[in-house]
């Protein structure tokens with residue numbers, strides 16, 4: 001059936017096309033939908049464009065038109081305005097409301113064109129704002145207020161001689177949370193999200209009020225800067241003291257009651273000694289785990305004995321096979337060294353003639 005359908009499909013012209021018409025002048029490819037609307041069943045008469053047979057002519061219940069795909073038969077869904085029409089009726093124009101989804105009707109009689117989909121999806125927040133025009137107006141007004149406040153904050157900070165880092169430190173003094181210089185910079189540049197801008201504005205508003213009323217704010221800022229610098233100070237231990245700590249660590253890796261005595265003996269703070277021993281234990285754990293893994297790998301060695309081991313290739317085409325049709329193998333050599341006195345086995349080399357000149 002597939003072969004018969006393909007032959008009829010390729011060469012059967014529609015009815016009414018003689019040798020003189022445009023359809024009969026020369027053979028050509030016929031559009032599948034046009035062919036299905038004109039062509040009758042195999043061995044039956046052709047069907048005109050306005051009249052279609054009923055189920056009694058076909059002998060089977062009506063079904064979607066078949067299409068031949070890759071040697072098999074596949075059924076396609078019904079097309080809008082294309083195919084067989086009811087028996088005894090002429091072709092009628094389909095109203096626009098009954099047209100299929102995604103198809104636009106054309107008054108000129110041309111083929112229907114799919115509707116264009118708008119590029120991209122609109123953000124959820126924007127959709128919510130469009131649904132609530134009153135809320136959208138309130139948010140726009142609040143955004144303008146934030147822009148004006150950001151300009152005021154920058155002017156006030158530069159006029160009083162504060163840096164963005166100073167503002168973050170003073171906020172830490174006032175509210176117990178230090179903000180970074182990057183956060184203040186992004187607020188002034190309106191680069192934070194709308195939600196974060198609204199959260200940070202009351203805190204910065206408090207800073208503006210304190211900067212106008214409190215003259216000692218600059219001194220507080222300097223004191224806080226010194227405290228932050230002291231917190232960030234990196235502890236450095238001399239080589240001699242570090243050597244003594246290493247010796248003590250070998251004797252007792254985890255001292256508890258001896259930390260105070262060790263700190264007093266070496267002239268260090270108790271917290272410094274405690275942190276050093278904690279870091280040293282972590283370093284020892286990492287080193288021991290790496291060493292154990294390396295020992296296990298070396299003890300296991302290679303799963304193959306000495307000498308080449310052949311494996312079949314992976315599935316797929318292989319080019320440049322030296323045997324010209326013989327199975328291709330990849331030689332893997334073991335990393336286990338040969339014992340002393342043992343030499344490599346001789347490798348036999350077979351000279352292959354070129355297949356182009358072979359008789």
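Cβ coordinates come from backbone N, Cα and C, glycine included.
What Swiss-Prot says about this protein:
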{"type": "DNA_BIND", "residues": "229-288", "note": "DNA-binding region"}
{"type": "COMPBIAS", "residues": "299-309", "note": "compositional bias 'Low complexity'"}
{"type": "DOMAIN", "residues": "138-212", "note": "domain 'POU-specific'"}
{"type": "MOD_RES", "residues": "111", "note": "phosphoserine"}
{"type": "MOD_RES", "residues": "235", "note": "phosphothreonine"}
{"type": "MOD_RES", "residues": "236", "note": "phosphoserine"}
{"type": "MOD_RES", "residues": "288", "note": "phosphoserine"}
{"type": "MOD_RES", "residues": "289", "note": "phosphoserine"}
{"type": "MOD_RES", "residues": "354", "note": "phosphoserine"}
{"type": "REGION", "residues": "1-53", "note": "region 'Disordered'"}
{"type": "REGION", "residues": "87-116", "note": "region 'Disordered'"}
{"type": "REGION", "residues": "287-322", "note": "region 'Disordered'"}
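For residue 236 (phosphoserine), applying a Cβ distance below 8 Å and a minimum sequence separation of six or more within one chain yields no residues. The Cβ of the residue listed as 'phosphothreonine' has 272, 275 as same-chain neighbours under 8 Å, each 6 or more residues away in sequence. Over all protein chains present, the Cβ of residue 288 (phosphoserine) has 10 other Cβ atoms lying within 10 Å. Within the domain 'POU-specific' (138-212), the DSSP-based counts of helix, strand and coil residues read 62 helix, 0 strand, 13 coil. For the DNA-binding region (229-288), DSSP puts the residue distribution at 43 helix, 0 strand, 17 coil.
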